[in-house]
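Some notes on the structure that comes next.
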Amino acid sequence: VLSSADKTNIKTAWGAIGSHAADHGAEALERMFLSFPTTKTYFPHFDMSHGSGQIAHGKKVADALTNAVGHIDDMPGALSALSDLHAHKLRVDPVNFKLLSHCLLVTLASHHPAEFTPAVHASLDKFFAAVSTVLTSKYR
């Protein structure tokens, strides 16, 4: 459960990320593919080379997270269609959400060290876990 302090930390951090969200999403996705090669099985048609258009799929990740931040009090409603897509069409193994969350935290910490305090780190970790829970909620 996200506390009011968590929500404030998340909104403030995401505001600082701002226009870099798409780049950070792409970098986190690339990190995930390089660090956890089994995650590439869901993207056999992607060009995995650095800077490829396919790695830019990270923009979709960033857009979904921006949407979740904007609807932080109703993430299940805001992410319902995305949850359906991942559960029923793409059938992504839920563990991959944890892997991507970790890569997002590493990426954000490397680009925003001043803003990435222990409290912000904890809040973002809880937020990514909440998003992952929403995305896997329709797997049953």
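Backbone N, Cα and C define each Cβ position, glycine as well.
As recorded in Swiss-Prot:
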- 1-140: domain 'Globin' (DOMAIN)
- His57: O2 binding site (BINDING)
- His86: heme b binding site (BINDING)
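Around the Cβ of the residue listed as 'heme b binding site', the number of neighbouring Cβ atoms within 10 Å comes to 21. All chains included, 16 other C-beta atoms sit within 10 angstroms of the C-beta of His57 (O2 binding site).
Between the alpha carbons (Cα) of the residue listed as 'O2 binding site' and the residue listed as 'heme b binding site' lies a span of roughly 14 Å. Secondary structure of the domain 'Globin' (1-140) per DSSP (helix as H, G, I; strand as E, B; remaining residues coil): 105 helix, 0 strand, 35 coil.
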